[in-house]
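What follows is one structure encoded as structure tokens, with my remarks underneath.
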Amino acid sequence: MSDFTSKVKVLRDGQKPEFPSNANTLEYAQSLDAQDELRHFRNEFIIPTRASLKKKALDGIIPGTQANGTTTSTDADTPCIYFVGNSLGAQPKAVRHYLEAQLETWASIGVNGHFSSLSNSPLTPWQDMAADCAAKSAAIVGAADPSEVVIMNTLTVNLHFMMASFYRPTDKRHKIILEWRPFPSDWYAFQSQIEWHGLDPEKSIVEMQPDENLYLSTEKILATIDEHAEDAALLLLPGIQYYTGQLFDIPRITKYAQERGIVVGWDLAHCAGNVELQLHDWNVDFAVWCTYKYLNGGPGSMAGAFVHERHGKVDMSLGKPVFKPRLSGWYGADKSVRFNMDKEFQPTPGAQGFQVSNPSAIDLTSLAAALSVFNKTSMKDLRSKALVLTAYTEHLLDEIVRRQPEGEEPAFKIITPRDPLQRGTQLSLLLRDGLMDKVAAALEENGVVCDKRKPNVIRVAPVPMYCRFEDVWKFMEIFEAAIRG
């Protein structure tokens, strides 16, 4: 059993792996890269170079194959350290090919592209593109069938559409249980949905607070569910908390809330393409996610939603369709009647019956290209690599802390859970007061791209699709110099 494989096994058991005394060397990092069976996927992506990050105008130069190999001596060829896939994934090389095919199709056959495709194109006819992307996303989120997935809109729009169907407050049950720090757009959606129903957010929102380490335990969540078992209508949590990187126990929390009559939805913005999901088997009522982070669909790319099959049924036994209430539109109509222009809405069975408008074929093209890369591997294999990559990152960060002078306040602490099964790829570093600007400037100057959350948090995400153990080692050299300088 290789060093890499043994670490995967240990981490999947929820344990911390042992690293050798030479772990903090380039040679050891490269040895892990050599054992990585997914390392070739890096060549599927365009990694910005140190030179390209400094661009001020278009010049027709796209960072290419040189930016994906080993480091060379010039900024023009040296790939940056791209640890920000939790904010925007790197561009798959397939995107340019797919977009060029789409533009040629539109130019060549015009409106016929809705129903026809060119024989050597990687794309389906436009009317089938959303369903095709849903089919390619089903395994990523653990749907039992592609019919449980719909690709449409963007995340917050989908959150509104799902809440229109699943948040049905009554005088008795009207509260929404949330975590302490939802992403602001989610928070705005929750507030506005409550107000839309004529309710007061102050009375209808239950906010769960974390402990002093910013950790929200499963026990605290279950206790809150019990406390509001009679008046909560909806539990809506992130699968991974965007600020701390904590991964919640989705199956346990879902089951517990549903047993008390509470509908359960999940915002999986930081889960989809990052951790293994089994939404159907976990009996999740609904979920939403974006595709521009770990799924690499491009800035603002089309988002996804999951609706469990039990909520997507269309009953025709009474001669007219009976289905779960929703905000309806023509593109949610069954394809067999979609172009009949009838007044009676007959939805497509499943999640795709929640569509409203004709989706952008251009946006779907970018996502289709990104998903074509995902479909060459599995979430199990990606998660296995991510576990080791993040554990190695954690180990080297701990070594930096151990090297600090005795008695000196640590320059940072990791606020992401140390349990590998309670986090994804991201590690959030809470910097000592006064360090953020200096560290951020040093990282930028040395070609490191990661996410900064003021006042003091840096989110580091070495995603497994295109990041290397060598990148982690190089990041540590730059980061330690920055906090010491």
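Every residue, even glycine, has its Cβ placed from backbone N, Cα and C.
Per Swiss-Prot, these features apply:
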type    : residues                                                         : note
BINDING : L155, T156, F183, P184, S185, D186, D267, H270, Y292, W330, N358 : pyridoxal 5'-phosphate binding site
MOD_RES : K293                                                             : N6-(pyridoxal phosphate)lysine
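Shown here: features listed in Swiss-Prot, placed on the structure.
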residue: L155; record: pyridoxal 5'-phosphate binding site; contacts (Cβ under 8 Å, 6+ apart): S185, D267, A269, V288, W289, C290, A303
residue: F183; record: pyridoxal 5'-phosphate binding site; contacts (Cβ under 8 Å, 6+ apart): P238, Y242, D267, A269
residue: Y292; record: pyridoxal 5'-phosphate binding site; contacts (Cβ under 8 Å, 6+ apart): L88, G89, G298, P299, G300, S301
residue: K293; record: N6-(pyridoxal phosphate)lysine; contacts (Cβ under 8 Å, 6+ apart): G85, N86, S87, L88, G89, A269, H270, A272, G273, N274
residue: N358; record: pyridoxal 5'-phosphate binding site; contacts (Cβ under 8 Å, 6+ apart): W330, Y331
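Residue environment of D267 (pyridoxal 5'-phosphate binding site) contains 27 other Cβ atoms, counted within 10 Å of its Cβ in all protein chains.
In this record, pyridoxal 5'-phosphate is bound by L155, T156, F183, P184, S185, D186, D267, H270, Y292, W330, N358; the longest C-alpha to C-alpha distance in that set is 31 Å. The Cβ of S185 (pyridoxal 5'-phosphate binding site) has 14 neighbouring Cβ atoms from other residues within 10 Å, across all protein chains displayed. Secondary structure from DSSP puts N358 (pyridoxal 5'-phosphate binding site) in coil.
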